[in-house]
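S.K.: Have a look at the structure that comes next, please.
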């Protein structure tokens, strides 16, 4: 077993029981009782059972010195990035010495990512929209759409007039301002998020509009290949060595108008990943979690599940399983899709599920009960699991089954589930050592890059003052343990990660 998990908690419980009995069975002073309780909490915390070696202790001492200094300054000034909206805090995070260390840290894997939200939008604007044959149109609602075609794309009711972007840029007075306007349409970033996004409906509307806007750029075959490569490059530069991507596998098109199917897309993911590994031999690779939107009818989802079964049979090393994406609050519940989701089991076919569940503020509804239904349907991991702390029995069951939650703090904040990340419900789960991994969801749409920003928010905000190098190490190892890789692949990954970790520790401890 790569990392100690909940199956090994009985030994810890015995130790904690011994600690408890020591002060219940004897007359301890208040100070002694206090010390015992603090020790108990320390051991329960995520990573609390890890024993650091000498070098790690030295690195931890330096890291915590910087962290405590930054937090004390925040207490003095009341300017604390995790308590602020990410759009307003990002520049402060980038000044942080702790953040610089987190960027250096080998983070293992990113296990919760969406296909067209993971490459920085600046690349999309400065690179992709400057390529030949790129056209733009504006729908009657004023929403941008893009299409590569020669000579021009086919017109429709939504796009009655296409303009070659190269010609359009020649006509605008300020090209830089135009490109900046594209960036504003490709991300949620704004200087005044509380004013612009007054509620969850508003921010989700813009969020889903962005996917509609950029889809025509990314799903052009030459761009698609480059996009997949660029996504690996950006995460590799952020010291992430493996990615699992939720992908809807929408049709990819050629300049001629020809369209490719899901198999072509999966094969392209596979080929591009192999090409990337050739020049980055420590990179483990990528897997695809085929996904469909939870707004669709049951019959459509049933067909998507059959497609997922076929893709996994044909590409067992690439396709990890299936998920449902889209806003939970307005989409179908897992219970609605139960019959469709039972198709693989009834047919004797193994199709792993990686369900989004509990990405909501509401309690006692079919929405937050998605967490329960995800577990009943044998989900491998729980995407977000924001509502898990409100369901103690479900929480205990997921812990017993060793099913982790995928925590995406910046996404949860930007999409208005929580404003101050110190109040994120996963803080309670971290304090008790619940299985979890950290990921970044759609970092490009939030103006972020890679995984480091989310790690910063967790380490500084959600984990509180006591989260230290043990916490970070446990999270990195968890990302390997809970990945969809085979055990032999996890062992290889762990060896590569360990070498990088030791170098990172030496750098932090000595520089």
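Using N, Cα and C of the backbone, Cβ positions are placed for all residues, glycine too.
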S.K.: With 112, 114, 356 listed by Swiss-Prot as Zn(2+)-binding, which of these, 31, 180, 261, 441, is given for the same site?
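M.R.: For Zn(2+), Swiss-Prot names 112, 114, 356; of 31, 180, 261, 441, the listed one is 441.
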S.K.: When Swiss-Prot marks a stretch as region 'PRB domain', which of 127-185, 186-244 is it?
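M.R.: Checked against Swiss-Prot: region 'PRB domain' maps to 127-185.
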S.K.: For the substrate site that Swiss-Prot lists with 115, 204, 205, 206, 207, 208, 209, 210, 211, 293, 442, give the additional residue from the candidates 257, 321, 326, 347.
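M.R.: Record check against Swiss-Prot: substrate site with 115, 204, 205, 206, 207, 208, 209, 210, 211, 293, 442, extra candidate from 257, 321, 326, 347 is 326.
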S.K.: If I take every residue in the region 'PRB domain' (127-185) and average their pLDDT values, what number comes out?
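M.R.: In the predicted model, the region 'PRB domain' (127-185) has a mean pLDDT of 94.
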S.K.: If one measures from the C-alpha of residue 112 (Zn(2+) binding site) to the C-alpha of residue 384 (active site, proton acceptor), what distance in angstrom results, rounded to a whole number?
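M.R.: About 9 Å separates the two Cα atoms.
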S.K.: Within 10 angstroms of the C-beta of residue 114 (Zn(2+) binding site), what count of other C-beta atoms is obtained when all protein chains are considered?
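M.R.: Around residue 114 (Zn(2+) binding site), other Cβ atoms within 10 Å: 22.
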S.K.: Excluding 112, 114, 356, 441 themselves, which residues in that chain have a Cβ inside 8 Å of the centre of the Cβ atoms defining the Zn(2+) site?
M.R.: 113, 246, 325, 383, 384, 406, 408, 411, 439, 442
